[in-house]
Every structure is written in structure tokens, then in C-alpha cells.
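Chemist: Pasting a structure below so you can have a look.
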Amino acid sequence: MLSAPRRRERLLALIVLAVLLFTPPLVLVADRAGTVSWLPLYLFLAWGLVIGLAAWLLEGPPGSTRRPRRE
Amino acid sequence: MRSEPVILGVAFGYLALLFLIAAWGDRRAEQGRSLIGSPNVYALSIAVYCTAWTFYGSVGRAAQFGPSFLLIYLGPTLAMLLAPFVIRKMVRIASAQRITSIADFISARYGKSSSLGALVALIALIGITPYIALQLKAITVSHAVLVNYPEAAELRLADEPFWLDKSFWVALVLAVFIILFGTRHLDASERHEGMVAAIAFESLVKLVAFLSVGVFTVFVLFQGPGDLFARVAATPALAERLGLDAVPGGATGWAGMLVLAFLAFLTLPRQFQVLVVENVDERHLARASWLFPLYLLAINLFVIPIAMAGLLLMGGDADPDSFVLTLPLAAELQGLPLLVFIGGLSAATGMVIVETIALSTMVSNQLVMPLLLRSRRLHLGGRGELAGWLLGIRRVAIVLILLLGYLYHALIGDAYSLVTIGLVSFAAACQFAPAMLIGMFWRGAHRRGAALGLIAGTLVWAWTLLIPGFAQSGWLDAGFLEHGPLGLAWLRPYALFGLEGWDIYTHSLLWSLAANVGLLVGVSLFSRQTPLEQTQAALFTEALHPQLLQSSLWHGQTTRGELGALLDRYLGSAATARVFADAAAGEEEDAAAPASPAQIARAEQALSGALGNASARVLINSVVRGEALDLESILSILDTTSETLEVNRRLEQKSRELARASEELRAANERLRELDRLKDEFVAMVSHELRTPLTSIRAFAEILRDSGELPEEKRRHFLDVVVKESQRLSRLIEEILDLARLESGRLTLNPQRLDLVALTRHSVDAVHHMQEDRGVALEVAIEVEVAPVVGDPDRLEQVVINLLDNAGKFADEAEPRVRLSLVRHKNHYRLAVEDNGPGIAAEERERVFEKFHQIQRPEESPDKRRGRPRGSGLGLPISRGIVAHLGGRLWVEEAPHLGGACLIMELPQAPAQTP
């Protein structure tokens, strides 16, 4: 069973990842990748990735139970 | 299809459908079968974030500024990822304190300050009105486009009298509509279940409508996304707009917009309403944390394709805000434009409904009620009249807010495109973020700091965004934009303190938040909180604390009669009955009895739900003598608990370890008792086993001694018995000795290299005769030529014979069969002996190796067992001991061939012989 602190840590890591993906240094890289800007495509892919990871994490990753009921 | 009556009919029909859904939702809530008890509905209701601004404006912004429109949705995505840390806390606080709006939230945090609540309500009113104007404009424009196409949708708002202006009537219709289902009754929890159900439905409608246009554009107007983007790439002017260069302010503007959307998502009054106030179960947040971002992604998927298609097909002079409508109109479709219009209508009405309800709650609870209570003009005659007052105030507020929105739209709405107006409101809502977020995590944040920060931030916002907007629509001389007021260049609104080259929103956000946060933190560091504010600050920052129980913290004194009268006056008798629900039946009538602390707490909560925190506090204080709230004790609880929590955690860990250790001890004790029991049994068994042959020996010996004239035949027989019984006795004693030696480790073995195959054959020969006598069919399957092992031949033979003997005893009664096999398994040899008896249950399998353990076979009657050789119960333990001494194993399995028990002896292969 995944303990609550572990889930918090993973969620925090996901937030850091999302911020990195959505902010300038990486955005600039995607923008200058080719002759035509790939920025929109990159943004949608990164967005989808973050949502997928969040869903996986919050709906209970394999080997864990659902978030226990709050006291 | 596009005639005026059809469009009006469809629009009103849609509004009527919404009303039905809302009424149905309210009915279900009253019956206790809530429609909105699902995390999916919660996520959809949050999608009220996507307004007409998203529906029409995103395409416009994408056409002008490239992918920057996505930032408006990436910010909320980040905020929703943070939901388990931030929004959950807000929900917890709101339900504990009966928070009704964001103004109420901030006012409650800073010591239930009514002035702070009023300030927030006022700022919200000023800041959000343009946003409502934007929705009215969207409805009017989309209607005009739909009716007038292909002619341009001419709208000269200010020129015609207002009664000819459609948006005036739109505002009025919406006002009536919102009054009908937003203020139907006064709910103690200030929840509107029916409204939430309707909003969730609207979210579905706008998503379907937008996706339909997207699919139509990409797959009907073009041959799929590849075709569309190939044509965009071939047009350099369009391809440029896909990149970061099209974003105002470049990388800085990008980051600024992300922060703006992130903060606004949490602080916009309507978002606070659906996220926090209307939340029915905080566990819904987990699903919404990813489902709502997914909704945002879906509704934005086709924005860029539609914008690019519009630019390609419509030419440069068409209004990009209307592409969603004009693209299907240009293709001469009939149904799709109407669907789009309904989608836009639902986006706009959804926003207006929730925003207006949130604002009207603030206006009635934070602005009007405190004034009425203070001026004592409020003459409440009968019981529960307050509800009527409140609903009346809210209804008037709804009409006024919508008219204000119309006024803004009519006077300056033309100057801005849709997205621009929305962003001005976003920046205003962001001013609530410091007071709210810092207040939730820093206990030291002070009321004065919050108020000054809010005022300063709002002034900077007004100077850098709102007033320039007025100037651009021609109200003011626009000269000060260029040169600054009175020629003071450092005060230019778009380049404050000479900060130039930023986009106006990032610029405004930076300065306003700097002023806001700076004053909030700075003033708080040098101010002392009142006890009440200290308490509230502690309750907010420690909201996720599990041991926080509010109801026990009261110790003011009042009588039940006084409290009941107060509640009766303001909330009516039903609410009073709920508060006193826990009183025993006999006590109910006793008006002079003191009210319990829990009752006072519930009374204040009930009042808060209707009136807001600040007013409820004023009212409670008017009847409660003494300090209503035990501040000392709550602070000490909170301070000590954070320390004791850690201690507690360690203690818990220790006690868990202790519990585990004692469990182990208990098991060991059990085992010891069992062994003790076995030992007693052993002794009893041994005595019994020894006595039986001894008794018969003695009996026969006595017969022989006493009767001299026995026939020779009988004598021989008796002597035979004596000899046999003596042999049995000595065999038994030998076994017991063996066992004793095994257990004490003194068993002397004589290990030598030997061939297990030969030994097995020898053993089989030895028992063959005896087995045949008993009718046992013995089958031998030796699959190896030789099996070199190291062992004591005599002992091993004893083991094999014992196994065969045992199998014979337990084989099937009628047709006993035994099978012996010898195979090689890796570098071991396995000798398996199985029988076709009843087998051994899984839990019994280890116990057969215990001394004197004999499997109970209840189905077997004693007389059936007769004639069957009984074991002493020592054979298997001894065998196992011997095999273990030789480095092998002996265990029981299910028989693979015959279905009974299977005993397997495994011995390691002897190392290769060195010559």
C-alpha cells in the first residue's frame, strides 16, 4: 500500500515537472525546434502527459489502495 | 432556420431546459438523493471557468497572439494539481466555518472583520463587472452575427436608445432567470445543488458545440489536420503566429500570464463558489484534479485549427472572435451555427449565473446586512423574516449587478476585444490571492496588512489596467497614456516607474502584487493581532489538523431561551429546531436553562451560513455574556498539538512495535504450550505403547507358568506371541531411543557413498512380501540408472521402509495402491512414495512430522481399523530427523498420480568421486 506521504511526494514532483514543462526555458526550446514553431504541439503533448500522470497518481497507481478516507 | 423567431425560440427553450434541470436538482437534493454527489459532476461544474470568453475569445486570441491563449488554461491545470494541498484546505475551512463566499472567507480569516469583507465585496464588484459585460457582449454579438450574416454585425451600442439594444434585454432576461433559480430559497449552507447540476449540464453542451465546430473545420473544410497545417506552413504570415514571437511580452509575458491564470482560477468569485462553497465532498477533489484539466485540454484542442482556418478562408478583415460562428455560416450550414450559438449561450449564461449569485451573496452578506445591523434599521417583526429580507436584497443585487454589467458593456465595451476584458477582471481577482493564500499558511498575517495590501493592489490595478481601458474607449483624454499624468513620465500606466517592453497584464500584475504582498507582509510584521483574529488565524492555518474540534471551544454563557429567540428572529423556527436538536425531550421547554457550548457554536454557524461570519459574530455577541470563545484554550490546543503530534506519532510507532512483539510472544507461548501438551501425550503414549505388549507378555507367561498341562501346540503359540510382543517392545524402545538421540543430537550416523537405486530396490524387496500379504499393489518407477548419495545405508533403508510401510497403511481400504518413484531433480535425487488413500489436508501436512501424531480419520469406525497395523507415530519424525542429518529434506505433497498423500525424500547428489 502506498502511504499518504509517498503520494504527496509524487504529487509534488509532478507539480514541479508541470511547472518546468510549461515555462520558458523548455518552451523556448520547443519554439525554436524547426522552421515552423512546434510550440502548440509541444504544449498539448506536455499537457496531456501531465494530466495522464495526475490521473494515474490520484486514481490509485498499481499496487496501492485508494486514498484512505479522511478522518 | 436563422430567422429571428427560431433563434429566440431555441435560446429561450434552452434556458427553460436549464431551469428544469435546476428545479429537478433542487428537488432531488430535498429528497436526499443528490444529483451532484459525483466527482464527475463536480469537475464539470468547475468548468464554468470556460466562459464565452473561452468559446469565442480563445480563437480570437489565438489568431492574434498565437499559443498564449493556452496559458489561461495551463494556470488552472497547475492550480488543480495543487488541489490536495490548497483547495482541500479551503474546502475544509469553508465547511467548518460555513463560508459563503470569498469575501466571507477573507473576512473570517482576519478576525471576522466586517470591514475587510465589505472591501473584498466592493473590489469584486468593480473588478468582475467588466467580465459580466463581456458575456452580455458575447451573447449579443453572436446573435447579431447569426442573424445578419453575411452582412457585418453592425453594433453601434451607444448611439441607439437602450430599449432598442438587445443586450439590455438579454441582461434583464438573465436577471429574471437567475432570480428564479438562484434565490428560490435561503439555504443554511448557501449551497445551490440545482444550479450546480445545471452548470454541469451547460459545461457538456459547450464542449460538444465547440468540438463539433472543430471537427467540422478540420475534417470537412479541410482534409484533416495534416492538410490544414500544410497550408498554414505554406503561408509565412500565419506560420509566424504559431510561435512564441506572437506572444505579447515574449518569455516574460508567457510566465506572467501563467501566474495570472493560476491565481485568478483560485480567486475568481465564481470559481470560489463552485470549487469551495458548492463542494459536497472533499474526496471529489482527487477526480477533479485531473478530469477538469482534461476538459480544458479537450475544449482547447481545436482552437488553433479554427483560428488558422478562419485566417486562411475569411481573409484579414474578418473578426477573429466570431470565427467559430462565421466558418460554419460561410459553408452555408443551418444546424451547426445554431448549435454553436447555443454553446456560446451556455458558456455565457453559466458564467453569469454563478458569478451573479456569488456577487449577490457578497453584496447582501458583506455590504448591506452589516450596515442594516449596525444602523438598527432592520425591524424584524415576526419569526424568520430575515430570510425574506436576505432574498429581497439578493434579488435587487442581482438586477443591479446585471444592469451594471450592461452599462459597462454599453459604454466602453466596444473598445476591447473579448479576451482583453476578461484579463482585466483576472488581474482584479488576483488581488485577493495574497490575503487568501498567505492567510491560509502564515498565522501572522494581520487584518490591517491584508486591508492595506488589498487597497494598494487594487489601486495599482485600476491605474495600470482599468483607467487606461476607460481612456482607450474615449472617456478620458488618452494623452496621459503616452506622457503620464501632469507630465510625470514615471507614472505612465503602461510603463510604471519606467518599466517598459512588458505586456500590460504582466506589468500590471507585477506592480499590483508587489504592492499587495509587500504591504500585507510588511504591516503584519509590525502589528499585534486581537485574540479573535489570533484564533481565526490558527483555525485557518491548522485547518487540516485532525484534532481540531470547534464545538468544544465555547464557554460564554446565555440561556437557551435567548439563543432560541435570536435564531427564531433571524432564521425561523426550523433552523432553531436544528440547533437544539440534541436537547433531551424534557429540557426543551426550559427556556432559562443555560445553552450548551455546542449549541452556541451551532447557532453561530447557522447564522454564518445565512449572514456571513462577521454579522453572525455581532449577533451572537449581542446575547452571549462573557467571552464567547475560549481563546486561551484553543491557542494552547493548537500550539501544543503541533508538538505533541510528533510525540504522538513516535508513540504510535512504538506501540505498533510493541503490539507486534507481543503478538510474536503470544505465538511462541502458544507453540510452547502445544509442545508441552505433546510431551505429556508422548509420555502417556509411550507408557501405553509399552504397557500393551508387556501386559500380553505377562499374561501369556503366567498362563504358561500356572497351567502345566497345555497341549504342545498351544504352548508353542503362546511362546510365539511372547516372542513377537517382546520384539515389538524392543523395536519400540529402539525407536524411542533413536528419537531421543536425534533430538539431543547424539545420533551416530555412518555416512558413506552409496547408490540410492540399489538401496531402494533392496528396501522394496524387504517390504514386498509384507505388502503382498496385505494386498497392497506396489508400483516402482525408478527413472535413473544410478543415484550416488552420501548416507548411512542402514538408516536410509529404515527411512525408505518406513515410508513404504506408512503408505501401505494409509492407502485405500478396498484396493490399496502404493507407488514409489525415484527421479533426479537438479542436483538432488527425489524419492517419492505416494498412496491412493484420502490424502493429508494442507494444514495437517507439517503436523504429521510431530511425535505420536496420528491423523484423525473420523469417517473410519474403530472396527474397520481393526486388523490394520497402527503406527507408533514415531516413524515420520525419526525419518525426517535422519534425512535432515544427511543434508536432505522430507516433506508431504499432494500425490500427482494416485491422489492420496505423497511423501518426498530429497537427498543431494554425492560429489563426483575422486579416483
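Using the three backbone atoms N, Cα and C, a Cβ is placed for every residue, glycine included.
Below are the features listed in TrEMBL for this protein:
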type	residues	note
COILED	B:644-685	coiled coil
COMPBIAS	B:853-864	compositional bias 'Basic and acidic residues'
REGION	B:853-873	region 'Disordered'
TRANSMEM	B:6-24	transmembrane segment
TRANSMEM	B:36-56	transmembrane segment
TRANSMEM	B:68-87	transmembrane segment
TRANSMEM	B:116-134	transmembrane segment
TRANSMEM	B:167-183	transmembrane segment
TRANSMEM	B:195-222	transmembrane segment
TRANSMEM	B:251-269	transmembrane segment
TRANSMEM	B:290-316	transmembrane segment
TRANSMEM	B:336-365	transmembrane segment
TRANSMEM	B:386-409	transmembrane segment
TRANSMEM	B:450-471	transmembrane segment
TRANSMEM	B:504-526	transmembrane segment
Chemist: Please identify the stretch among B:68-87, B:386-409, B:504-526 with the greatest number of Cβ pairs below 8 Å relative to the transmembrane segment (B:167-183).
Modeler: B:386-409
Chemist: With pairs restricted to those 6 or more apart in sequence, evaluate whether the transmembrane segment (B:195-222) and the transmembrane segment (B:36-56) have 3+ C-beta pairs under 8 Å.
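Modeler: Between the transmembrane segment (B:195-222) and the transmembrane segment (B:36-56), contact is present.
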Chemist: Are the transmembrane segment (B:6-24) and the transmembrane segment (B:68-87) close enough to be called in contact, which here means at least 3 C-beta pairs under 8 A that are separated by 6 or more residues?
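Modeler: They do not touch: fewer than three Cβ pairs between the two stretches lie under 8 Å.
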Chemist: Can you tell me which of B:36-56, B:68-87, B:290-316, B:336-365, B:504-526 gets the most C-beta pairs within less than 8 Å of the transmembrane segment (B:251-269)?
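Modeler: The listed stretch sharing the most Cβ pairs with the transmembrane segment (B:251-269) is B:68-87.
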Chemist: Using Cβ atoms only, state whether the transmembrane segment (B:336-365) and the transmembrane segment (B:504-526) have three or more pairs under 8 Å that are 6 or more apart in sequence.
Modeler: no
Chemist: What residues elsewhere in the chain lie close to the transmembrane segment (B:290-316), defined as a C-beta under 8 angstroms and at least 6 residues from its ends?
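Modeler: Hits for the transmembrane segment (B:290-316): 39-40, 43-44, 46-47, 49-50, 54, 58-60, 62-63, 67, 69-70, 73, 76-77, 80-81, 203, 206-207, 210-211, 213-215, 217-218, 221-222, 225, 228-229, 231-232, 235, 238, 241-242, 323-324, 326-327, 330.
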Chemist: Which residues of the same chain, at least 6 past either end of the transmembrane segment (B:504-526), have a Cβ under 8 Å from a Cβ in it?
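Modeler: Contacts of the transmembrane segment (B:504-526) (Cβ under 8 Å, skipping residues fewer than 6 from its ends): 248-249, 252-253, 255-257, 259-260, 423, 426-427, 430-431, 433-435, 438, 442, 444-446, 448-450, 452-454, 456-461, 464-465, 468, 494-497.
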Chemist: Give me the mean pLDDT over the coiled coil (B:644-685), rounded to a whole number.
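Modeler: PLDDT averaged over the stretch: 85.
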